[in-house]
Number of protein chains: 2
Amino acid sequence: MLRLFEISKSNEEVINIIKNREEENLDLVDTVSKILKDVKDNKDKALRKYTEAFDKVKVKDLRVSENEIKKAFKSVEEDFIEALKRAAENIEKFHEKQKSKDYIISEEDGTYMGQRVLPLERVGVYVPGGTAAYPSSVLMNVIPAKVAGVKEIVMVTPPSKAGGINPYIAVAAKIAGVKEIYKVGGAQAIAALAYGTESIERVDKIVGPGNTYVATAKKLVFGKVDIDMIAGPSEILIIADDKADAKYVAADLMSQAEHDKLAASILLTTSVEKYKEVVKELKKQVEELERKAIIKEAFKNYGMAIICPNLEKCKELSNIIAPEHLELMVENPMELLGKVKNAGSVFLGYYSPEPVGDYFGGPNHVLPTSGTARFFSALSVDSFVKKSSFIYYSKEAINREADKIILLAEKEGLTAHANSVKVRVIKE
Amino acid sequence: MLRLFEISKSNEEVINIIKNREEENLDLVDTVSKILKDVKDNKDKALRKYTEAFDKVKVKDLRVSENEIKKAFKSVEEDFIEALKRAAENIEKFHEKQKSKDYIISEEDGTYMGQRVLPLERVGVYVPGGTAAYPSSVLMNVIPAKVAGVKEIVMVTPPSKAGGINPYIAVAAKIAGVKEIYKVGGAQAIAALAYGTESIERVDKIVGPGNTYVATAKKLVFGKVDIDMIAGPSEILIIADDKADAKYVAADLMSQAEHDKLAASILLTTSVEKYKEVVKELKKQVEELERKAIIKEAFKNYGMAIICPNLEKCKELSNIIAPEHLELMVENPMELLGKVKNAGSVFLGYYSPEPVGDYFGGPNHVLPTSGTARFFSALSVDSFVKKSSFIYYSKEAINREADKIILLAEKEGLTAHANSVKVRVIKE
C-alpha cells in the first residue's frame, strides 16, 4: 500500500518517480492546431461545428443567459450555496493581501521614475464540464482576477447533454463575479478566447484546468495570450512525527490519491511504528471510499514512504522533492515552516488536512506540481496584473549623465543610442 | 523613411505588421534537442565537444578564474567602470522597491494562514558573446536576482577566440555580483544550466538573451527549470505633440531601429508638420550613424507614422499596439501616463530618450515585445522569487467548518477529500 524506500542522501529514486509521471501527448499537436486554425478563420461557425461533433449537442445561444443562472440557483441546495459563499469570502480575504503597489522615486533634480501595477483588461477562465464539475476551481481561478481588478472575466465551459450549463458551475461563477459565460469547451473554446469570434471577444490571458486537448491548445496559443501553468499530476507529501494520528495521516494520503492514478502520496516519518500504523489505517479506510479503485492504483505506483532519523532529514528530502502540497503533522509545525524552501502550499499541524486548502481556507489551490515548486508559485493576484515602468529625466539630469550613457552605448557599438543622448546635450 | 498610414479605428494593418515580424525557426528543434540530450548524458565532455565545434576553441578551465577577472578590470577603461558602477547603483535602487512582503492573517480561534516570498536558490544568466557584447544586459539580468535574495547567480557566456572572456562582460558580472562564470555558450550552455554537469550545477531558472539556438533550447527545457520571456523583435512608439523637437524624435526612432532589421519604429503625432520635419531629420541624421544600413532596412519595413486628430487618439492606438518602449514627447506627459494601459516601459517628456532606460536610469530594459505588454511585464525582482502559502487550522476551526468543507468535497464527488475532514471531527 505504501512502498518503503531506504533513506539515502538525495533519494533520487523517489524524485525520479515523482517527476516522470507525465504522459507525453505530442501527437495531439496536429489535431489541436487544426482546430485552432479553423476557429481563427471560421469563428462561431467552427465553434458550433466542434460542439456538435465533440459534445454531441446543438447549442442555441453560446452565451449563458441571466435566466439560466437564476434557474441554476433554484436547482442547487441552499446549504451548498451558503458553503460556497463562505469559501469565496475566505478566498477573497486571503488574496486581498497579495495586491502589489505602484511606487515612485523622485529626485531633487526633477527626475522621477516608478512602476505602475495594472490589471489585465480581459481574462478567460476555462472550466471543465462533464461528470466531474469543480465549482471550487471556479472560485480559485476567478477570485484572484477579480481582486487584481480585472474588469472583464469570461468563463467558457462545455455544454451539458441538454445544451445547458452545469448548475453548480453556474452558481459558483455568479458568486465569484463572472458576468459572461459561454457554453463551449475543448480546444475550440481556447481558440475562441485567444483569437476572438463574433460572439466571444478575445482575452489577454487564459487560466483554468482542462483535459489534454485543452492543455495542448493553451500551450499553442501561449505568446498570443498569456496562460497559467500547465498542471501536471498532483502530489502530497506528509511529514509526520510519532504523535501524529495515523488515522489522519492515512486519510490525507488518500485524499490526494483519489484525484487520479498518477497522483503521488509520500510519507516521511521519524517513526517505523507510525509507518506501520498508517499502512494498517490505509487498508482499513480505503475500503469505505467510493474511489477506492483509483486510490489503490495510485498507491501501487506512487505511494511511497521513507523513515528518516529525524525531522531535519525529513525537511531536507521534502525540499529536494518540492511537493505541491506539504503537510507538517508535527508538534511544532511553525518551527519547521521556516526551513521549508520548496512547496506549493504548506498545511500545518494535525488539524489542517489538505481539503481545507482545496475548498475553503483562503489560499489558492492552483499550485505548482511535479517538483516545480522549486521555481513556480500558486495562482495569485500577481497572475492577473502587468507591471509597467516609467521614467522622466529632467533637462538637468540628462545633461549631467549624458557622458556616462553615451560611453555605455558606444562600448556596445550602439551609436544611434548614443546619438539620441548627444542631440539633447546643451553645449555651453 | 517613415511610411505614413491612414488613421482608422484600430489601425489593424500597423498592428499586424508589428506582430508578424518574427521568423519561425521550428527546424532548429531537432538540432537543439540532440545537443540537450548529449549534454544531459555526457555532461562536461559534451560541453567541451560543442565548444570546440562551434566556438572553434579548446577551453582549459570552463570556470573563469579570479585572476581572469582581475585582468579584465585592468584592460577596461576606468571611466567605463565608473559609468557601469553608477548604472548598477541606479538599477539596484529602482528594483529594491519591487520586493514583495510575506504576510499572515490570524484569527481568534487560533487559525492562521499566509504567504511567504522565497528567493529562488540558484539562477543562471546567459550572456551572448561574440562581437556585440552587452554589459548593460548583464546588469539588467543579474541585479533583480541579487535584490530578490538569490544566493547563487551563475553566468554562462561563450569563450572568446583565445579561450578567454570578454573583459567588459567580466567587469559587468563582477560589479553586478556574479560569483560563478563559465565559458560556454549556445544550446549546450542552456543544457548545462538545466541538467547540471560535473562542473556546472543545475539551476532553478535561466534568464538572458541569446540567438535562436539559445532561445530554442530555453523553450525546450522550460518546465524542467523556469525561463524568462523569449524576446521577439523590439519596438519603439513615440507620441509627439507639435512642441516636440523633431531632432530628438528622429534620433530616438533610430536608436531602436539600429538593433536589427526587424526592429519597429512608430511615430504617432498630432501634427503633419512634425511628421515632415521628423522625416527630414531622419534623412539627415542617419547618414552620420555607423549602423545606417541596418537602420535604413528596419525603417523600410517597419518605420511607420500615423497622424492623429488629438493626443487622445494617439493614446488609444498606442494601447492597442502595446509597445515595448513608449515615449511620450508631449508637454504634460504625466497627465497622459494614467491613460496608458499597455506598454513595457514609458519614457516621459522631451529629455528621456529610451537609452536612459536601456543603460542607466534604473528600470529594467528586459521588456515585453511585439504587443505582449498587454499581459507580460518587465523582468523584475518578482521574476526571481516563488511564493508559498501556509495554513494552520485549529481543532476548533476544523470542527466548526467541517460540514461546509465536507459538503463542497462531496458535491465534487471527491469523497476521500471529505473523509480527511470527517476523521478529524470530534463527536459530542
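Numbers here mean position along the shown chain, with the first residue as 1.
Note that Cβ sites are derived from N, Cα and C of the backbone, with glycine treated the same way.
Remember, it's a predicted structure, so these values are computed and weren't measured experimentally.
Taken straight from TrEMBL:
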{"type": "ACT_SITE", "residues": "A:Glu324", "note": "active site, proton acceptor"}
{"type": "ACT_SITE", "residues": "A:His325", "note": "active site, proton acceptor"}
{"type": "BINDING", "residues": "A:Tyr126, A:Gln188, A:Asn211", "note": "NAD(+) binding site"}
{"type": "BINDING", "residues": "A:Ser234, A:Gln256, A:His259, A:His325, A:Asp358, A:Glu412, A:His417", "note": "substrate binding site"}
{"type": "BINDING", "residues": "A:Gln256, A:His259, A:Asp358, A:His417", "note": "Zn(2+) binding site"}
{"type": "COILED", "residues": "A:272-299", "note": "coiled coil"}
Using a 10 angstroms cut-off on Cβ to Cβ distances, just flag whichever of A:Ser234, A:His259 is the loneliest among these binding-site residues.
A:His259
If you measure Cβ to Cβ, which of the recorded positions A:Tyr126, A:Ser234, A:Glu324, A:His417 are under 8 Å from chain B?
A:His417
Going by DSSP, is A:Asn211 (NAD(+) binding site) part of a helix, a strand, or coil?
coil
Among the binding-site residues A:Gln188, A:Asn211, whose Cβ has the fewest other Cβ atoms within 10 Å?
A:Asn211
Env. residues of NAD(+) site, Cβ within 8 Å of mean position of A:Tyr126, A:Gln188, A:Asn211 Cβ:
A:Pro128, A:Val156, A:Pro158, A:Gly185, A:Gly186, A:Ala187, A:Ala189, A:Ile190, A:Gly210, A:Tyr213, A:Val214, A:Ala217
Could you tally the C-beta atoms, other than its own, that fall within 10 angstroms of the C-beta of A:Gln256 (substrate binding site)?
31
To the nearest whole angstrom, what is the C-alpha distance linking A:Asp358 (substrate binding site) and A:Tyr126 (NAD(+) binding site)?
18
Which binding-site residues from the set A:Gln188, A:His259, A:Glu412, A:His417 come within 10 angstroms of A:His325 (active site, proton acceptor), judged by C-alpha positions?
none
I'm checking region-level scores; what's the whole-number mean pLDDT for the coiled coil (A:272-299)?
96
Check the Cα-Cα distances from A:Gln256 (substrate binding site) to the recorded positions A:Gln188, A:Asn211, A:Glu324 and tell me which is shortest.
A:Glu324
How many whole Å apart are the CA atoms of A:Gln188 (NAD(+) binding site) and A:His259 (substrate binding site)?
26
Integer Å distance between the CA atoms belonging to A:Tyr126 (NAD(+) binding site) and A:His417 (substrate binding site):
44
Please tell me which one of the recorded positions listed here (A:Tyr126, A:Asn211, A:Glu324) sits closest to A:Ser234 (substrate binding site), measuring Cα to Cα?
A:Glu324
Might you list, by sequence position, any residue in that chain lying six or more from A:Glu324 (active site, proton acceptor) with a Cβ less than 8 Å away from its Cβ?
A:Ser234, A:Glu235, A:Ile236, A:Ala343, A:Gly344, A:Ser345, A:Leu367, A:Pro368, A:Thr369, A:Ser370, A:Ala373
Between the Cα atoms of A:Tyr126 (NAD(+) binding site) and A:His259 (substrate binding site), what distance do you get, rounded to the nearest Å?
19
Can you tell which of A:Asp358, A:Glu412 has the least company, meaning the fewest other C-beta atoms within 10 angstroms of its C-beta, among these binding-site residues?
A:Glu412
To which of the recorded positions A:His325, A:His417 does the lowest count of other Cβ atoms within 10 Å belong?
A:His325
